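**Student:** Found this in Swiss-Prot, in case it helps:
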type	residues	note
TRANSMEM	41-61	transmembrane segment
TRANSMEM	68-88	transmembrane segment
TRANSMEM	107-127	transmembrane segment
TRANSMEM	157-177	transmembrane segment
TRANSMEM	187-206	transmembrane segment
TRANSMEM	208-230	transmembrane segment
Amino acid sequence: MGQKVSRTDFEWVYTEEPHASRRKIILEKYPQIKKLFGHDPNFKWVAGAMVLTQILALFVVKDLSWSWLIVAAYCFGGIINHSLMLAVHEISHNLAFGHSRPMHNRILGFICNLPIGLPMSISFKKYHLEHHRYQGDEAIDTDIPTLLEARLFDTTFGKFLWVCLQPFFYIFRPLIINPKPPTRLEIINTVVQLTFNALIVYFLGWKPLAYLLIGSILAMGLHPVAGHFISEHYMFAKGFETYSYYGPLNWITFNVGYHNEHHDFPAVPGSRLPEVKRIAKEFYDTMPQHTSWTRVLYDFIMDPAVGPYARVKRRQRGLAS
């Protein structure tokens, strides 16, 4: 089973999440950052091109053997699908069309969701915005592993399994920590997605649908692009609960690696986050940062000081506070 993790509890703190206060300080010093706020007019074309690429790929993978289909799903389709998940992340902040056109953002979210295979764009928005506002809250922030996860996967091999099973924890954890009734848009999202899936099976067979689903699942687990799930908020350095990564994988993930910058300024689209760092570099260069998402996965699994417990948590303060 391997070495047991050294932590036996989460890192409980009694301070506010750090991003709102740092945002205020940075804007006082660099008010020009406000000019970076707003939607990215090029985003919809990039996201749309990825969706089209996956749809065209379906006509190729339908004739592949199952072994080559899995290789294609891991090495190609899964990367695009993971990037589309991060497109959904951008859309959840209304960064595709701006806050004045919410339904345009939701519809693009439905479209970006199609190759992913599982309806998630509306549900993701519902929980993700709370992750920003209530970062670390024990009863609201569903990005934090449950106590059961932390206790079960507390060895080297256990952490390896946990990384492989990450997509399932991301799907089911919100239903345990902070269940919410489905909204009308979630139902529409589900109907649209299931209809798309059914059309794939009807016209092309089961293999293309399997290619999409397998790619989505594999690229959320033991995969280099999935390293951002762990790199963003797992405590690799005591006292720091958010980390940035500035490496080349940002090019295919809408700069999600600029995670301190994103949490400080969620109204800035991913394409402009490097400019935030350039302007306010003294705030970001001094914080711990990751240089490789693959190394993050390796260190998470092999380092006994890191594991599901390595998260900052706060006692519940309630949605009304």
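Any Cβ shown, glycine's included, is placed from N, Cα and C.
Bear in mind that the values here come from a model prediction, so they are computed numbers and not experimental data.
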**Student:** Looking at the stretches 41-61, 68-88, 107-127, 187-206, 208-230, which one shares the most CB pairs under 8 Å with the transmembrane segment (157-177)?
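**Tutor:** Comparing 41-61, 68-88, 107-127, 187-206, 208-230 against the transmembrane segment (157-177), the winner is 208-230.
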**Student:** What residues elsewhere in the chain lie close to the transmembrane segment (41-61), defined as a C-beta under 8 angstroms and at least 6 residues from its ends?
**Tutor:** 69, 72-73, 76-77, 80-81, 83-84, 87, 90-91, 95-97, 108, 111-112, 114-115, 200, 204, 207-208, 211-212, 254, 269, 271
**Student:** What same-chain residues lie close to the transmembrane segment (107-127): Cβ under 8 Å, and 6 or more beyond its ends?
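**Tutor:** Long-range Cβ neighbours of the transmembrane segment (107-127): 44, 47-48, 50-51, 54-55, 77, 80-81, 84-85, 87-89, 91-92, 96-97, 142, 171, 174, 178, 180, 183, 185-186, 188-190, 192-194, 196-197, 209, 212-213, 216.
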